[in-house]
Amino acid sequence: MSFPPHLNRPPMGIPALPPGIPPPQFPGFPPPVPPGTPMIPVPMSIMAPAPTVLVPTVSMVGKHLGARKDHPGLKAKENDENCGPTTTVFVGNISEKASDMLIRQLLAKCGLVLSWKRVQGASGKLQAFGFCEYKEPESTLRALRLLHDLQIGEKKLLVKVDAKTKAQLDEWKAKKKASNGNARPETVTNDDEEALDEETKRRDQMIKGAIEVLIREYSSELNAPSQESDSHPRKKKKEKKEDIFRRFPVAPLIPYPLITKEDINAIEMEEDKRDLISREISKFRDTHKKLEEEKGKKEKERQEIEKERRERERERERERERREREREREREREREKEKERERERERDRDRDRTKERDRDRDRERDRDRDRERSSDRNKDRSRSREKSRDREREREREREREREREREREREREREREREREREREKDKKRDREEDEEDAYERRKLERKLREKEAAYQERLKNWEIRERKKTREYEKEAEREEERRREMAKEAKRLKEFLEDYDDDRDDPKYYRGSALQKRLRDREKEMEADERDRKREKEELEEIRQRLLAEGHPDPDAELQRMEQEAERRRQPQIKQEPESEEEEEEKQEKEEKREEPMEEEEEPEQKPCLKPTLRPISSAPSVSSASGNATPNTPGDESPCGIIIPHENSPDQQQPEEHRPKIGLSLKLGASNSPGQPNSVKRKKLPVDSVFNKFEDEDSDDVPRKRKLVPLDYGEDDKNATKGTVNTEEKRKHIKSLIEKIPTAKPELFAYPLDWSIVDSILMERRIRPWINKKIIEYIGEEEATLVDFVCSKVMAHSSPQSILDDVAMVLDEEAEVFIVKMWRLLIYETEAKKIGLVK
């Protein structure tokens, strides 16, 4: 049987090491200790070689060992391992049965871990992925080699790095290879590289064995049957619903004075606003009631959890007391055994003393017999006595050695018992320490949850207060605008009333009218016909341009598309006849529907408002004499013109009426007080009133008189109407193109993933402006909090021109069921942005 060399003495055949050089360390044996250090006996079971030791074995050769500075390869290796950059590893597909402590220990086996970030959901539950940061790139490579596809429970662990980290690892490996090649002398051959590779493999095997031992220790937890397999979908839906209620509460609990329905009715406001406020208050109260019920349920659950925790503490206390009693009984048994052994030793000593006395008596009898013998045998007796004394002394020494051996065995047994008791005490201390750590962890976890809930509540309260203040300011501004509108309408009505009361046809007509109204209208008619002809030519050119664009885009039937666009424009040009004024709610609903139709792919475009034109009265310095036909009319006669100089068609003059499509459209916005239209409700939008309704009071007076002719000056509104019409047409065309582009994008996953994407358009500007904000918003919706690392990972996959299926496989480890919907929406957004940029819809 061979034994390892002494720890503080060099083995035979190997010369002693120089001073200051540590002795070599053998695998499976502890390092040597300095002389004079008290030694504690270690059982043989502890001294057995462990396979998890990471220290490489040193091959001992029969030559003198040099100092550490004579090994430049080892020194360069240590420098390379210490100067590498820190790297981050993505760890996903973590089983729910695997505890966070197991994952931390597995990651720590591969190297020095700087940080381990396990993502938590809004409910506090650990997600199935995390990010580990290693101090050395060698640790990252070892984790990729050993932990990827490692079976933990029912899932295989996923360990990978992004493109940026992979580039860092490749650069570090190239740098390490170059530095190793420069550090080695020229006499080193490829055998050293092969030996280094063998050493790396040997270290990987040792770490792999340690990982297997660790998984065997946690096998009871990993192989435990799942108790929630049947109710898992239902529980998941319930957790998601609770998460939504937790993240988006309707209102926090703030003591406000109770507002009754009578108080609301007492406030002067419109009926629809009063109903809206009543409904909001009812919803608020219902939500408040639901929140109170949820709070009561959560309080009961917290009390049950606290009760279970106290039960566990009492159970641990009873277990601790039971172990103390067991140890006390064990110590009593040890003391009884010790007393029994003491009595046995006392009996042995008595037997020894009895034997000694018998020997003394025998010796005394021998001496008496010797004295009685004759004198001639004195010499013989002397020799015999000498021999007998020698034998006696030999027997005495033998008995002394036997007693010494017995005492040594007794001391050895005592030391063994003392070591056993020490091990028991260490185990008890370790068990108590683990229980205390578990209790402290539970307390910290509960405190962290309470802090997170309090912070979330404060955040929701702050957002709600900001929203309420904003709404209050909006209501105040709206009231001020409404008051200003009423004042303007009253002022305009008063001014118009004073103007019409003071107007005299004979005196004031020369200031505002000149020439023949018929000739003026004929000239206006010719100008309108020329403008219509120009408009027709421009319309034909625009239609031809749209047709050429559709052909360039590869539209299957451009003529049908042009016909459809013309029908749509014709339908919009037709006037809408309103039999009665619509209520405010109907107008708001129509406005909301129109805004929803105008939002393609989450882009809002504000509709362009047509300019509201007011009638302009321009005085004339000099005018010719009024014709005889106009002299017969009175100022209050309702004729073909209004007193303000605006032409009003009459049923008795059909030759002067123009066709509907060639009549100039003039937008007239008049502000009247409440006295002119008492039955009409206040509206947010200004409505165009017919001219007859403004001047209907003149039709009641002198209706039998002959209508008089007046000299009129046409109103010149400039190019504003044309620009507004052109802007509206451009907006409509853009909206149609966006709608047709969205319809062309496939919705099914196979066709969508097979769609050819123009990667040359996908650049960093498009990623930062459109894609990244959308991805960040969706990640917050799915996970419950912002995760910049995951957003960077998805953006890097897109910028690397990865296929959508590969991105879906990677993201499925994190988002589970929502991954497919997320990737489909993201890919549709990519296709839309590239196609829109290609045809010039967006810049």
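Cβ atoms are placed via backbone N, Cα and C, with glycine included.
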From the set Lys300, Lys307, Lys540, Lys578, Swiss-Prot tags as SUMO2 cross-link just Lys578
In Swiss-Prot, the entry for phosphoserine among Ser374, Ser382, Ser388, Ser583 points to Ser583
Candidates Lys63, Lys156, Lys261, Lys777; Swiss-Prot annotation SUMO2 cross-link sits on Lys261
Out of Ser179, Ser278, Ser282, Ser683, Swiss-Prot gives the annotation phosphoserine to Ser683
In Swiss-Prot, the SUMO2 cross-link annotation, restricted to Lys283, Lys471, Lys722, Lys736, falls on Lys722
Annotated as phosphoserine in Swiss-Prot, from the list Ser226, Ser231, Ser375, Ser384, is Ser226
Among the recorded sites Lys273, Lys430, the one whose Cβ has the most other Cβ atoms within 10 Å is Lys273
Lys430 (SUMO2 cross-link) to Lys273 (SUMO2 cross-link), Cα to Cα, whole Å, comes out at 70
Reduced to three DSSP states, the domain 'PWI' (750-843) has 70 helix, 0 strand, 24 coil
DSSP output for Lys430 (SUMO2 cross-link) maps to helix
Confidence over the domain 'PWI' (750-843), expressed as mean pLDDT on the 0 to 100 scale, is 85
